[in-house]
Amino acid sequence: MSQQAGNAQRGRFDEEPMSLGEKISHRMDQLKEIVSSSCPCAGKFPPVAIVLIVALIILGVIIAVPLVIFLSPSAQAMSSGTRDLSSHSIRHPKVWPKTEKVQDDDLSAIQMTSLLPPNVSTCSGFGFACTGSIDMIIPSSKRCDGLKDCSDGSDEENCKECQSIYSCRAHIEEESEKKDKTSVLPTLICLTAEKLCNGVENCPDGSDEASCRSKCSKDQFKCSGSDACLPISVKCDGVSDCENESDESNCNKCQKGAHKCGKNCIKASKVCDGIPDCDDGSDEHQCDCKTCSGSEKALCEDGTCIMRSQVCDGKHDCLDGIDEENCPGSCSNERFSSKLKLLTCDDGNQYSEVEACSGLVEACELNCPKCDPKHTFTCPAVGGIHNKCIKRSKVCDGIFDCEDGADEKKCTPVKECVVESSIQFTCDNKCLESSRRCDGVWDCEDKSDEKGCDKCPSRSFKCSADKKCLPFHTRCNGVAECSDGSDEHKCSCQECLGTHHDTYMCSESNRCLKRGEVCSPYSMCPNATYIDKAYCASLALKNSGLRP
């Protein structure tokens, strides 16, 4: 454009303001010139087309950005957190002694609350989260105690107050800090007694080696073989500060939060840690979330602190057994209201009395008040030993199971067995009366005495497809004895859980499975519910080490 034309153009602009349409047309021309400078081919298109293309590109970018964020791995991880499928707890480290429950904005958690009994808590939000291992949370009682409980030692960093016997500044105080009364609390190094007067300076100012004196003051004492003067207040606190543990002997009263257990004091960090140290377990009672905190702990409503692995493990660890109520694979009170009579057997597990006294659980042979008269043989008590319940297939098998050998007496030799007239029959190299056939009791180890049966007695189950009679307590045990699986169909809570200790009741399908076979790795329950699926997800996380 010539200078004269340009001046004329400017003069026209000065004289007549552009209309809205002219402004838009002018802007489109400018946009076309900008685009054409980068892409000469754009000059062939009208300005309107250029504007539409640019607008579509901008719109595509606006739509793509949130879509990329949504599909990213981190977004998927956050999305999966809407269903509580793990017990990871990520919390900003807090310095001792703050133990109040942290606010929601301090806590990002994926918890297994949907799988826990309603009256058992994991005390989420309490304790100290190790900086280098977000899935490891230690109780507040182990924070700044002079011992590194986190793998990265973060529990002993940024300490403002120590729970150990001795503390010193992490750095030497400057003169300006001494004069400044408004400065924050200094960071401390926490030391146990064994770090004092050991010839190694653990404090920057060497104060841990400067307190060694030949004579201590009235409120101090010395351990045998040590030059360190320790305060009397650390006696009987459950922590052995002396090598010979003399500071923990002859204790009539415990100090500094320690628990009296017989003649001993249990230190505060071992009280409410989920592991009973007293014979009566009293050190794990009357706990709260401040004391029973940590990634491996669980708190019962009655104040008992237990290990999280003890929840829903088939054993009653809370005082009233609430740690086993409404667990995945169990029946709610509405579906299964009968209270089972449980026996603790020699393997430490708890069994229903029906199962324990059926003769099928060897660990329970000496724990039954009364043996099942139909399915077992009762060995008489000898020398103060309780009656022993053995399964009937062990009778006359040539092996003495009873102390007095009663199970091998009155046995008919096989060569004298009358089998021609079907009065008797043989199996497992023993002779049995014909009345033992098809009676719903396994007298033969190979179970052949219960095959080929046209009828089965009451308190037994008939496999119609196989013509077999099964003992009543084998129904709904998670193992299909019938070829058509009919012995595992339409199971009730009483049949599944009232008779067996190692079974899992599927939430909605009336199907009973062996607990160890429920997940493979996904739930094997027909029409598996969220709880069934979450149980297997929890088990997978636990087996992979991602959850306690």
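Indices start at 1 and increase along the chain as displayed.
Here the Cβ of each residue, glycine as well, is placed from N, Cα and C on the backbone.
Copied over from Swiss-Prot:
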TOPO_DOM  71-548  topological domain 'Extracellular'
CARBOHYD  Asn119  N-linked glycosylation site
DISULFID  Cys144-Cys159  disulfide bond
DOMAIN    161-213  domain 'LDL-receptor class A 2'
DISULFID  Cys168-Cys203  disulfide bond
DOMAIN    215-252  domain 'LDL-receptor class A 3'
DISULFID  Cys223-Cys242  disulfide bond
CARBOHYD  Asn244  N-linked glycosylation site
DOMAIN    253-288  domain 'LDL-receptor class A 4'
DISULFID  Cys254-Cys265  disulfide bond
DISULFID  Cys272-Cys287  disulfide bond
DISULFID  Cys292-Cys305  disulfide bond
DISULFID  Cys312-Cys327  disulfide bond
DOMAIN    370-412  domain 'LDL-receptor class A 6'
DISULFID  Cys371-Cys389  disulfide bond
DISULFID  Cys379-Cys402  disulfide bond
DISULFID  Cys396-Cys411  disulfide bond
DISULFID  Cys417-Cys431  disulfide bond
DOMAIN    455-492  domain 'LDL-receptor class A 8'
DISULFID  Cys456-Cys469  disulfide bond
CARBOHYD  Asn527  N-linked glycosylation site
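Across the structure, Cys327 (disulfide bond) and Cys431 (disulfide bond) are spaced 47 Å apart at their Cα atoms. When each of the disulfide-bonded residues Cys327, Cys469 is scored by how many other Cβ atoms sit within 10 Å of its Cβ, Cys327 comes out lowest. Closest to Cys254 (disulfide bond) by Cα-Cα distance, out of the recorded positions Asn119, Asn244, Cys417, is Asn244. Cβ neighbour counts within 10 Å, taken over all protein chains shown, single out Cys305 as the most crowded of the disulfide-bonded residues Cys287, Cys305, Cys379, Cys456.
Ranking the recorded positions Cys159, Asn244, Cys272, Cys371, Cys389 by the distance of their Cα atoms from the Cα of Cys305 (disulfide bond) places Cys272 first.
Taking Cβ-Cβ distances under 8 Å and a sequence gap of 6 or more within the same chain, the neighbours of Asn119 (N-linked glycosylation site) are Cys300, Glu301, Cys318, Ile322, Glu325. Counted with DSSP, the domain 'LDL-receptor class A 4' (253-288) comes out as 6 helix, 6 strand, 24 coil. When the CA atoms are compared, no disulfide-bonded residues among the candidates Cys159, Cys272, Cys402, Cys417, Cys431, Cys469 lie within 10 A of Asn244 (N-linked glycosylation site).
DSSP places the residues of the domain 'LDL-receptor class A 3' (215-252) in helix, strand and coil in these numbers: 6 helix, 7 strand, 25 coil.
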